[in-house]
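**Q** Before anything else, here's the structure in question.
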Amino acid sequence: MNMLAPAAKNAFTPASPDRPAYQSGFGNEFATEALPGALPHGQNSPQQAPYGLYAEQLSGTAFTAPRAHNRRAWLYRIRPAAVHLPFEPIAQDRFHSDFHAVPASPNQLRWDPLPAPAAGTDFIDGIVTFAGNGGPDAQTGCGIHLYAANASMTGRFFYNADGELLIVPQQGRLRLLTELGVLDVEPLEIAVIPRGVRFRVELPDGEARGYLCENFGAIFRLPDLGVIGSNGLANPRDFLTPHAWYEDREGDFELVAKFHGNLWRARIGHSPLDVVAWHGNYAPYKYDLRLFNTIGSISYDHPDPSIFLVLQSVSDTPGVDAIDFVIFPPRWLAMEHSFRPPWFHRNIASEFMGLIQGVYDAKAEGFVPGGASLHNCMTGHGPDAETFEKASHADTTQPHKVEATMAFMFETRGVIRPTRFAAESAQLQARYFECWQGLKKHFDPAKR
């Protein structure tokens, strides 16, 4: 048997930064090569890999994780990932994992969008940490960040050793050039970059802003559907993973790492995006939120928001997630004799919300695209006074379509602690609480 025989022909699909090619499915075992025959046949680590490449395994879970949950990829690259000079710490206080600088607050909090950054701010320099819990030590919890950038990364590359990155663009497209291929992502799409995968970010529109959820814990997965059945919510076929693509580029470059809550830099003499072929199930992917199959009530009452769950990071407690990524997409509301917007609520979980476009149906004003809100554990929240009055008198015999909107939520089991930047930000709306002060007393014991 010739162990270096070419791989199956369907593994070779040419791709380029200008024309990314994708593979469909969530968590699949993919096999892809940018040069024909670059994937070894019948084994992972041959004595001599095709084209003089190096074989390297990238492990996203423990070797002994159950097969259904085991995540790893074999990469065939021009140089191993170990080839760079030593890392040195970067002195900065914007992108980090310190969630204990200021006390967590039981108040309802809301922020306006970040201001435009200074000229020449790339994706990494444009990230600012807003809140989080847990940390990379315990491998649980999340960091919540906002980004605003106006320059592409050219001589810089980045990877995150602390967690996987869920990227939610709000304005401007992103071109994510990764070790395992290229993703073009626009607002109303999301992307997930696995822990450890190196990448750089180009800005096709010249500027971009959005949100990041840094998942320190179990890898994001699709939720079980239970009695919904075998289809619904985010369908696996709509998740797209890139085909192999590489660049063979030498120069004086910088590799930035987020490790143990801090940023580090190392000089590197070549582009680390030099993976010519790969196979496995640990890879970046994107998803179009507009394809979400929304489930709702067609009789009465607004169901729990768990019906809007896109991705989850499970915890060690069955039925309790460490992180939920939830969206509130365009949808028809048909519930009769019911209050149709999301109801008033106090939650054991903590909720960080963002708005990609439009108006959130529980807030008539003040919550704008690019902004954010935080309602922590057992903090009362819900529709503002204007929304309540309008929805309380709406004609519920007729269906109504919520259109041109997309809000989302990072919901966590742990208290979400704002950073000093967020707590002292000029974007913090000091009078957010006033949106509920107009809720009138309607109680009349003589009138049922």
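Heads up, the Cβ atoms here are built off N, Cα and C, so glycines get one too.
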**Q** Can you dig out which of the ranges 1-26, 79-104, 209-234 Swiss-Prot describes as region 'Disordered'?
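**A** Of 1-26, 79-104, 209-234, Swiss-Prot gives region 'Disordered' for 1-26.
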**Q** Just the number: how many Å between the Cα atoms of His302 (active site, proton acceptor) and Tyr360 (homogentisate binding site)?
**A** 15
**Q** Which residues, in sequence order, are found in the same chain with Cβ within 8 Å of the centroid defined by the Cβ atoms of His345, Glu351, His381 at the Fe cation site, excluding those residues themselves?
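**A** Once His345, Glu351, His381 are set aside, the remaining close residues are Arg346, Asn347, His375, Thr379, Gly380, Gly382.
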**Q** Using a 10 Å cut-off, grab the number of neighbouring Cβ atoms around the Cβ of His302 (active site, proton acceptor), all chains included.
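**A** The answer is 16.
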**Q** With an 8 Å cut-off on Cβ-Cβ distance and a minimum sequence separation of at least 6, pull the same-chain contacts of His381 (Fe cation binding site), or say none.
**A** Gln108, Phe344, His345, Arg346, Glu351, His375
**Q** Which of these binding-site residues has the least crowded Cβ, counting other Cβ atoms within 10 Å: His345, Glu351, Tyr360?
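**A** Selected from the binding-site residues His345, Glu351, Tyr360 on minimum Cβ neighbours within 10 Å: His345.
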